[in-house]
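As recorded in Swiss-Prot, the features of this protein are as follows:
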DOMAIN    546-729  domain 'N-acetyltransferase'
BINDING   ILE617, ALA618, VAL619, MET624, LYS625, MET626, GLY627, TYR628, GLY629, SER630, LYS717  acetyl-CoA binding site
REGION    982-1028  region 'Disordered'
COMPBIAS  1018-1028  compositional bias 'Basic residues'
Amino acid sequence: MRKKVDERIRTLIENGVKLRHRSMFVIIGDKSRDQIVNLHHMLSKAVIKCNPSVLWCYKDKLDISSHKQKRSKQLKRLRERGQLDPEKLDAFSRLLDVGRVTHCLYKDSERILGNTFGMCILQDFEALTPNLLARTIETVEGGGLVVLILRSLTSLTSLCTMVMDVHDRFRTESHSEAAGRFNERFLLSLASCKACVVMDDELNILPLSSHIRSITQVPTEKDSEGLSEAERDLKSLKEDLSDDFPVGPLIKKCCTLDQGKAVVTFFDAILDKALRSIVALIASRGRGKSAALGLAVAGAVAAGYSNIYITAPSPDNLKTFFEFVCKGFDALEYKEHLDYDVVKSANPDFKKAVVRINIFKQHRQTIQYIQPHEHEKLSQVELLVIDEAAAIPLPVVKSLLGPYLVFLSSTVSGYEGTGRSLSLKLLQQLDEQSRAPATGLEGSGCLFKKIELTESIRYGSGDPIESWLNGLLCLDVATCLPNPACHPSPSQCDLYYVNRDTLFSYHKDSELFLQRMMALCVSSHYKNSPNDLQLLADAPAHHLFVLLGPVDESQNKIPDILCVIQVCLEGKISENSALQSLRDGHSPYGDQIPWKFCEQFRDTEFPGFSGARIVRIAVHPNAMKMGYGSAAVELLTRYFEGQIAPISEAEDKVDVEHAPIKVTEAAEKVSMLEEQVKPRTNLPPLLVPLHDRRPEKLHYIGVSFGLTLDLFRFWRKHNFAPFYVSQIPSAVTGEHTCMLLKPLKNDELEVNESDELGFFTPFYKDFKIRFSKLLSDKFKKMDYKLAMSVLNPKINFAEVDSSGSSSGGFLKTLNGILSPYDMERLRAYTENLTDFNLVYDICKTLAHQYFEEKLPVSLSYVQASILLCLGLQETDFSSIERQMQLERGQIHSLLLKVARELYKYLNGVAGKEIKSALPRLKERELTAHNVSVDDDIREGAKQVEEQMKKEKIEGLMDSELQQYVIGDKEAEALQHSKISSSGIISVKSTKSENENGFDKSTKKRSSDKRSSSSSKSKSSKKRKSLKE
């Protein structure tokens, strides 16, 4: 049966087409898909052109296949079963066949960026996230429709209790009940959107959309040519510049007056060719920033610029930029392949994105993409374009600036807007520098211009869907943050707990407080996304605290927010879960610090501790460096230690937010056409003083952030100690992720009261040793100041410490560390007998021992830093000169002082040990005589004489006395004879004549022989006696 469509629906669509405003329809019911054909038909008649294109987004499955052949078979089966009305079936299939429908999975929604559709259909509401909602709605052109299909809902309030797919990521082992605050706020916000209609599957408008009850046709202010005022101004600008080359042809490619003026401003800077000139272009999403930059770069090529570089977080962000560079070339009558070539990347990570354009019409010119951290390639640059600068870390953006022309663009709101406070910090600094006189310093005296685009390309200004989406997702909150009325002393400020039920209730005052709080987070140095809002609203473990000054209750106004802290409760993980995670090598969502601690130290007890992780801490941009952040951290620490309110003994009865309350209690008792949805009235207070709420029982507070020197020093100042630094830096920010802990005073843990780190001390020492060993490889490029802050070495030792008696950790021996030869080389270096190359290996050894606090030698900060750079990071002297701004001679002088101090201590500890270990020659012991020299000579002479006598007697030979031998007969005769008076006897010889009278010559030779031997014997005896 045919039914007349409510005229207000048709009027809303036609008004949107006339004003180039988008309209939104929320259809509730199982047959909501059938009404899409009717809405598409009404839109086609209103736009008076070809059928509007359709984007159909879904989770994982379509009711009717997007494949033509499969769809025909599927529709045939449904027709045979009688499950579809043939008339409706034919209309729907006709829409799919000729309606230019693009189907897209939610997980693949990034590929639709930059495309424009006339109608967007969103089904499977449970899979939607704030990011997906913003990303898909932004693709709809002015006059188009956004259709949200909600099936299987018995009432509108059942949307508040719907379980979303993203809730699985919010649940942890100790916090398993996710809330539906975001959906409740989403539902209530639909009533405030003037271009949104909520209806059932029969196109009956529900009471929630009572605001369109009196909708009427709107007149359009157009001239005889059918142009609006903005369109007339743009036409006039194009006509005025039509004769100017090359800006005239480029202006014809602009779609809005703002975009045209931006191109003219860019081209003025190009022709000026002033050094250190910066033009900044800021706008919300969809204003044509990248297109304006592309046209301006095409004009720079025509003006003769040769080296043009473009940088962005990823080449994917430059698709529109390079597209409009080529369109600019077409307008200037450049021909591809004849005048220029487009080069695509071969890197698979860049997905064949355009990275270079080579131009060779006039002379060789290049438009080249570089990554943000490659600033060293800018030596020959003439024009640098920085697109999406807000997504690049602020220090990196500053390093890219130099003595050349810079075009800078950034999204300051919308779902791509980031919270790097680019417009509040960098642009403010550039503006101040441009006003200051040139002093010769870097960055001074630069020319700075700022352009802001307000008119959207896709839809007309004042689009109600854009306003609704910005308010729902807190996207355009830059104007919602007023300056504090005063800056009270941090000691006078108090920390308050924020009740999230009241915060997301869509009450007027609560909504204003939420917008200001999110504006404060966006203006801080954190990168934000719309998904963070849903996490903040629905995650059961997350809590909010705000620091406020003294509140005057007599004034009925919202107090100024000085600081916001977002806290996530973690821990209470069973030991079985921890063991399972170690075995599988996979950590579940949430509980970042417990899982990372368990992974790093293989400790299964720590995940059972309960703790709180500070997700973010954001201070008002006009109250920075005033102590409010430190005051908030101190108050939060005291609160969780039970110093402000007593800690609850029964943890299950902690007064957290109340359980989610239904928007209307009688919703299930009335029909959908009679259901009234309004904000709750019986809400608890938004702000709760800490002394009125019992804190959870915790063992520690932790924090995780991108490692920078200022942030690390802030947390170390509050006694947080690191236990993890990621070895691989972030591809987006270039920062290493760092996690720190601060143990809280707890009666359940037995620790040494004098140790401020408590149970965490041994883990912290182990981390420092591991970090020092990684400095030569993974953290070699880390700034020495940051490395010194992470290690936090003790460099000032008292005299009692230097003696080694106050600590058992000091070196007592050099066994296994330095050999005696090493000590000799070190001594030679300290005495200037050799150069540093001879002791470079010793420097690395001593550096590790010193930073492990085993050498109690007091050094200055600069001396310790040089030891760290050379010994731990193993950098060269040129790098140290560049980082520390010191001359090489100064570095060598300081290094020599370090070596002398270390050698002095080592020599005192193990000096005797070193001497005993060195090899040496054997020494002889000489003793004095007990007698005088004269007595010694006389005694020696006496000995010689006695020896000579003895040798003389023994020297007589038998052969020499043979001639005097008496034979036997002669002896017998002598016995019988008498001796004469003369004493001579005569004996008869028995030998022959020759025998008795041997040869005279023989006698003579024997005589000479005896005489010579006798003389030799005497002379040898004399020499022997002299020696003795």
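Even glycines carry a Cβ here, placed using N, Cα and C.
Remember, predicted model here, so these are calculated numbers, not experimental data.
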Confidence summary (mean pLDDT) of the domain 'N-acetyltransferase' (546-729): 84
Secondary structure of ILE617 (acetyl-CoA binding site) (DSSP, helix/strand/coil): strand
Least surrounded among the binding-site residues, given as GLY627, GLY629, when other CB atoms within 10 Å are counted: GLY627
Conformational class of LYS717 (acetyl-CoA binding site) under the three-state DSSP mapping: helix
Number of Cβ atoms other than its own within 10 Å, given for ILE617 (acetyl-CoA binding site): 26
LYS717 (acetyl-CoA binding site): tally of other CB atoms within 10 A of its CB: 10
DSSP three-state assignment for GLY627 (acetyl-CoA binding site): coil
Residue, out of the binding-site residues VAL619, LYS625, whose Cβ gathers the largest set of other Cβ atoms within 10 Å: VAL619
